[in-house]
Amino acid sequence: MKVMYMLVAILAFTSSLVSAYDPSPLQDFCVAVKEPSGVFVNGKFCKDPKQVKAEDFFLHVEPGNTNNPMNAQVTPVFVDQLPGLNTLGISLARIDFAQKGLNPPHTHPRGTEILIVLEGTLYVGFVSSNQDGNRLFTKVLNKGDVFVFPIGLIHFQLNVGYANAVAIAALSSQNPGTITIANALFKANPPISVDVLAKALQVDNKVIDDLQKSSWYDQN
C-alpha cells in the first residue's frame, strides 16, 4: 500500500510539472491562425495541415530601432509573430543596444530565457526569490558568452561597452509573456493606489504620484 501511495504521489507531482509548461504537440505541427476554425490548441486555432506552407515557419528579423529612452529595442519572435511556433514550446527575441542601452528589469512568467551575445559587452543579472533572500547574480558578457535567466525571475541587460551590442534570447515557451517591472507598478490600468505603492516602497505619496505621471517606455 505504501508503494501505491508513493507511486500516486510521484505521478501527481510529475503531472503538475508537465501542466506548468507548454504542452507537447501530438502532431507534426499546428500552425496558428487568427480565424476561429479548426482545432484549438494551446490558445490558438490550427491551420488546416494541407494548407501549411514553408512561409508559416519563416520570419525575417531586422535590427531594432534603439532611438528611444532605453536606447535598446527588443524584437520578439513569439507565436504571434511566427505562427509555426504554436505547440512547439520555444521562441526567441533579438535585442539591440545602443551605447548605454538597457533592457530594463522584467520577468517572463511562462519561460526560462537563455541569452547569447552576438556583438558587444553586456552587464546582465537576475534576482532570486524572497525565499532565497533576493540574491543578485550578475555577469559581464562578451561576444559568444551565454547566460541563463531562470523562469519567472526578474532580470536585465545593460550595454557597458563602447559600441552597439546585439544579443539573441531563446525562451522555453511559444508565448513566455513579459512584465516590465516599472510599467507594472506605475502604469497599471487602472492605477495601483498611491497609498499602496508609497507604503510598499517606503516613500512619500508625492513621489509615487510623480512616478505615475511619468512616461514609462515599454519595449517588449
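The backbone N, Cα and C atoms fix where each Cβ goes, glycine too.
A quick note: this is a predicted structure, and the numbers were derived from the prediction, not measured.
Taken from TrEMBL, the feature oxalate binding site covers N103, H108, E113. Under the heading Mn(2+) binding site, TrEMBL lists H106, H108, E113, H155. Look at TrEMBL and you will find C30-C46 tagged as disulfide bond. According to TrEMBL, the feature domain 'Cupin type-1' maps to 60-209. Residues annotated as signal peptide in TrEMBL: 1-20.
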Structural state census, the domain 'Cupin type-1' (60-209) (DSSP three-state): 25 helix, 56 strand, 69 coil
Entry from the binding-site residues list H106, H108, H155 having the most other CB atoms no farther than 10 A: H108
Shell list (oxalate; ref centroid = CB of N103, H108, E113; cutoff 8 A): A93, H106, T107, L115, F149, H155, A169, L171, P176, T178
Winner by Cβ contact number (other Cβ atoms within 10 Å) across the disulfide-bonded residues C30, C46: C30
Candidates C30, C46, H155 (recorded positions) with Cα within 10 Å of N103 (oxalate binding site): H155
Cβ neighbour count (within 10 Å, all chains shown) around E113 (oxalate binding site): 24
Local Cβ density at N103 (oxalate binding site) - other Cβ atoms counted within 10 Å: 26
Neighbours of H106, H108, E113, H155 excl. site residues, C-beta within 8 Å of centre, Mn(2+): T107, G111, F126, F149, L153, I154, A169, P176, T178
